[in-house]
Amino acid sequence: MKGQAMYSKPAVESNHVGTSPEEVEVLLAGGKGVRQPSFLRALLKAFGPYFLIGSAFKLLQDLITFINPQLLRMLIEFTKETGMPSWWGFSLAFMMFGCAVLQTLILHQHFQYCFVTGMRLRSAIIGAIYRKVSNPKRSSTVGEVVNLMSVDAQRFMDLTTFLNMLWSAPLQIILALYFLWQTLGPSVLAGVAVMVLLIPFNAVIAMKTKAYQVEQMQHKDMRIKLMNEILNGIKVLKLYAWEVSFREKVLQVRQKELAVLRKAAYLGSLSIMAWTSAPFLVALTTFAVYVSVDENNVLDAEKAFVSLSLFNILRFPLNMLPQVITSLVQANVSLKRIQTFLTHDELDPGNVDRNINAMVPQGSLLAVVGHVGCGKSSLVSALLGEMENLEGEISGSVAYVPQQAWIQNATLRDNILFGKPYVEQKYRCVLNACALTPDLDVLPGGDQTEIGEKGINLSGGQRQRVSLARALYSEADIYLLDDPLSAVDAHVAKHIFDNVIGPEGALRGKTRILVTHGISFLPQVDNILVLVEGTVSEMGSYQDLLKQNGAFAEFLRNYSLEDIIEDDDVMEEAWGAGAGEEEGPSGKAHPGRDCRDWPGELLATVPMWLQLQEGWVKFSVYWDYAKAVGPLLSLFICFLYAGQSAAAIGANIWLSQWTNDRSDSPASCSDSPLLSLSMPGTMVMFSSFTLALGKIQAARKLHQGLLDNKFHTPQAFFDTTPIGRIINRFSKDIYVIDEALPSTVLMFLGTVFASLATMIVIISSTPIFSVVVGPLALIYFFVQRFYVATSRQLKRLESVSRSPIYSHFSETITGTSVIRAYGRNGDFVLMSDMKVDENQKSYYPGIVSNRWLGVRIEFIGNCVVLFAGLFAVLGKEKLSPGLVGLSVSYALQVTMSLNWMVRMTSDLESNIVAVERVKEYSETPSEAPWEVENKKPPNEWPPEGNVEFADYSVRYREGLELVLRNISLKVKGGEKIGIVGRTGAGKSSMTLCLFRLLEAASGEIIIDGVKIAEIGLHDLRSKLTIIPQEPVLFSGTLRMNLDPFEKYSDDDIWNVLKLSHLHKFVSNQPAKLDLECSEGGENLSVGQRQLVCLARALLRKSRILILDEATAAIDLETDDLIQSTIRTQFEDCTVFTIAHRLNTIMDYTRVLVLDKGQIAEFDTPTNLIAQKGIFYGMVKDAGLA
């Protein structure tokens, strides 16, 4: 059986191809109506125990927290009593210090455990998602999955840090209340009541926020998906001058996103207000009740400040709870998203091939032919097990060459070896057979040349040949070749067929299934399978089918083939003589597209680290952000925050005054506290409202700038920049600017002013403290600079090593069928894991450096506590107990705010980097303006369609060789020009020049008397039409794909659909013109996509039409339809065709033969054949002469 492919589909039986035993168990478990597999349970099993160790530390720390207020009470008592020995005071101060240090050490142990768990969680989630994706049939788009990996996995990571707060916060609250009860008795309940009342208020806000969150995620997914498509099809957008319409689409989505953000921001500032004023309100109600309940209750310093410090302890858990809860809610949303993704079915039914029975004998060559959309590619996918084949099997190992070559971002050699060991001799043979040897001499690094994402620096033909070489090298039993010869020139195709696929080729003796449109090779295959609309209409050898006189014979008769069969021997000879001889089988491919990527010396290895910026974040970046917020608004925000801190101090100073009064004369109880305590709350609300306004403003401006610039960026930029890197700017960095940065700014301002406030209070109550401030500040400054520098570089390394994870990932998605066919899932999973590990290498030191910092900074804070206590003991004669209480209770808070301040400084720096990165891509040099007002061509331009190249030269980028040299030619309106030449001779470059995707190095192009270099790009591009090499569709309706500006009526559109032979297909669709095209137009076959491009061209009906190898992916019949449509509809237009199939251009007015970027021959086809030059050689190869 080995090497036999059997294929039949009667019965229905699910067939998961290539699933490992574990997966099968999972699939079985899913089938028995057992409970749904729970992702959460799996996570708990894996990471729970380790996490619990951290929780134990947390518990210990919570208990120690409560010792300090008790010590504070003793200290205040000590200052009140006169006869106490000094050593008691000093020992109290040192005990407070010792306690604080212990607390620090334990807390950071806990954090370490939490963060490490978070890190492991993220790797696990990314791993799971990746493994899932490398199984076929994705029902999610690339954008969604990348979001799952980046944003949702990140959410889990953030959650682990706070998860312990879920039980620790309530515990702290209970303990604090217990001690408060001891101090103030039942009046504490008044304060508690206020807190409890605030909880539902916040719960409501949290619920609303959650709803907004989900809505915003949808908009974001939508926007990233759109951007992903736009960037993938940017070349087409430029050629059609459609940027404006797509820019509008993105901005509409962004508008919705910002509207949701704005609502969420206002809600957020309400809840912040509630939480900041909570401690004040609570203290106020408690004290007021305490004093008014009983005449004998005296609020002295001891009681007031001990309760204040307890209330301050309360404040943290109360603040954290809602955060933890929202974080939980978000993680829950993410959990659901990931779970639904991971439990998607692996394969889905819904096939094109109705009913196929075929048996391919071992070692034979089967050709599959048929029209566009009749299910040829689907047959191959079904054989691969991509589509669910209801029954049938193939045995033996498989090699697969897809219709659109899939190239990895690796060296050329790695692309061919594809994980197999390197054998010099075999490798050389493969290169020769696939006509790749000449190309290697051209590539800057030979076979070590690094190939960009999607094979960007290879021409289409080279990509296809590399893909074929990969299959040849893998030495499988069965070869599935999906139209591998379409993208290469006729003579190369012949060489490959003879040396690889055909009866004499390297693959003889293997089972080969070849989907093809090229008729010339059919006589040499063993069997032919003819598909009509998804079913086999006939099958047999070439001669049998001709005798049967069925569909196939008809198919051939349209292309009178007799001459080709007779010319068989002639072809052999022609190959020996003629053009092949001078140039070797694939011609010296000229470095046209081939090195349009990076400059030569970089090409061999393109390190990711190129992207690293060094050193401080420049001040200008902060200024950029402030400008985006609005300079005046920025100042106003700072002013509000200062006011907020001042109000808080005022309230507390007033309290210390009050307690001192009370101890002298119990009677004087005033109402002024109400006023002073409600001030801070309103200030907070004000400041967060203004900040919310500013943040939306900045988010809008920065995104708009980035978007506008990217639409104006020249094509060369997109060719050299991996798409992942640009998408990263639009997803991660914009997300930071939308959400993370503003909240960091808020916390930063808050902590800076709070720390200042603390210092001011301590110094004003014990002036001698100012002596210590200097040295402490110095130490603090050094620690902070040292940490921030390290952490920032680590953060940058981390974000730079994150990109490869995603780009490898989207590469895998596009190449799943190839990867699975070669059975390399495992290796790719390993590669992904390696990339994640690389990323963790820079993430883990980041965590540890945080712990280092925490211990150092908190030590400084603890010193502040120590000195505040010592000076209070020393100055006990002069100080009132109220002031001692005030300064020490402030000192107890300082640790927290100092710690947060460094955190926030470094967070601010690492988040502001997002502004820097967005700015960097918003300021890349842009292309020529879209419209030049004073040079606008008249509306009916070009009236005739005369095109003149005057001594024209062009290069892909500065520093590369010229692709076209000194080309001069004149084309009269209405002429039809065929452009031919070997791969890389500069054929495609010529068309790009007409559209000014490449700007001239010298010389100029003149169309009907207008120099095209002088007018705006849109004015130029909207007047030319191209049918590009790779048909690109965008997700949206068919109508939008044809006419994004809605300039034409429905009748116009139906009319062009008739002309482009899509009428039948579209009118059979229930949605008619509103047929939804999926991402990249994947629900249409490649041929149908090509016809849609034809329809676009017909709709624009401009004077000059350019066809770029447009006929490569189409079967001959459709090709004829297109050609005849072009002949009739574009009769009076100037047409340039880059031809692969010479028969398309034999009746053109003139043929231009390019060689190495120069004009080799330019004349009518008849004259050229008579001259017996290059063109003649090519024609003979194609068997037309």
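Backbone N, Cα and C atoms are what each Cβ position is placed from, and that goes for glycine too.
Because TrEMBL annotations are produced automatically, they should be read as predictions rather than curated entries.
In TrEMBL this protein carries:
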type     : residues : note
DOMAIN   : 52-330   : domain 'ABC transmembrane type-1'
DOMAIN   : 335-558  : domain 'ABC transporter'
DOMAIN   : 686-910  : domain 'ABC transmembrane type-1'
DOMAIN   : 947-1181 : domain 'ABC transporter'
TRANSMEM : 87-107   : transmembrane segment
TRANSMEM : 162-181  : transmembrane segment
TRANSMEM : 187-207  : transmembrane segment
TRANSMEM : 264-293  : transmembrane segment
TRANSMEM : 632-654  : transmembrane segment
TRANSMEM : 674-694  : transmembrane segment
TRANSMEM : 740-762  : transmembrane segment
TRANSMEM : 768-788  : transmembrane segment
TRANSMEM : 859-876  : transmembrane segment
Check for me, if you would, whether the transmembrane segment (859-876) reaches the transmembrane segment (162-181) - at least 3 Cβ pairs under 8 Å, residues 6 or more apart in sequence.
no
Please work out the mean pLDDT for the residues of the domain 'ABC transporter' (335-558).
77
Are there residues at least 6 beyond the ends of the transmembrane segment (264-293) whose Cβ is under 8 Å from a Cβ of it, and what are they?
180, 184-188, 190-195, 198, 201-202, 205-206, 208-209, 212-213, 216, 299, 304, 307-308, 311-312, 314-315, 318-319, 322, 648, 651, 655, 669, 673-674, 677-678, 680-682, 684-685, 688-689, 691-692, 695-696, 742, 746
Residue numbers, six or more beyond the limits of the transmembrane segment (87-107), whose CB comes under 8 Å of its CB atoms:
57-58, 60-61, 64-65, 67-68, 71-72, 74-75, 78-79, 854-855, 858-859, 861-863, 865-866, 869-870, 872-873, 876, 895
